[in-house]
């Protein structure tokens, strides 16, 4: 008799626990849904009804694919397969279709449900409507984009003011014809070009697609065209051959030093490679290579990120053999070495037919 009473007591305790859990699920602020392993809905709480618009009577027994909009078709099936493998998919942000045909933003955690013997019996999907959060994030992103564009606009304007001041300062020396004055003018022009190479970056980012990354190809074309306009005087007949991979994006840490390298080397070619206004060609190539994998000290494979190669060459008179790239006294080449080092890259000078600089570097 005592054993029977104990069994009844234990059963009542178990039923009470189940009732408490059921009440908690029903009153939860999250949508709590249970699905069979083939995706049919077996339980549905009030919050799920509030979010998706279906009552329990309408939805029980239906397949969860009913909530998939066209843009994410097949997504739930993949998640179910993951959960069947024992995985828990946490805070999965996606879109779901409501009863009234509208689409809502949700965050859902999918978990496997096991019985006492650890056999997979069902799938639990606990979700919440994050539409307000997503809208707030979009507003913040828009405000941040506007703020960054304004910053780039101001920096660009300030750099252009600096360039104009350099130009005004150079006016003092233009009317004088001595060699010293020409050297001073040349120094002013070089400084202006360096300033403008950075100003162009901020101009591109200000006018761009609202990202911190610069599409380097159009920037490079604009930069080099500006240099040609600056140096292509009189009957100088130097052509440009650009072979630049499209849609290469760099952040400011890469774009600024790389832009200044291009400025230095192209300026150098325009000034010195073709004396006596002889005809010639300057060629610029930029391309990416596949990511390189290496083994770390623990013997684990890791990816180093993409590699890029910039080649700037001309078929002019070349660089004197006595010029040592690693120990040069030329300000422009010293600056190139510093900037390549800043990129954690390598630079190689080839003298086969004119001058060719090969710069390789990595970027995320």
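Any Cβ shown, glycine's included, is placed from N, Cα and C.
Over in TrEMBL, the protein carries these features:
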| type | residues | note |
| --- | --- | --- |
| DOMAIN | 1-20 | domain 'PAC' |
| DOMAIN | 14-87 | domain 'PAS' |
| DOMAIN | 88-142 | domain 'PAC' |
| DOMAIN | 150-364 | domain 'Histidine kinase' |
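For the domain 'PAC' (1-20), the mean pLDDT of the prediction comes to 49. Secondary structure of the domain 'PAC' (88-142), assigned with DSSP and counted as helix (H, G, I), strand (E, B) and coil, comes to 12 helix, 31 strand, 12 coil. Per DSSP, the secondary structure of the domain 'PAS' (14-87) breaks down as 42 helix, 11 strand, 21 coil.
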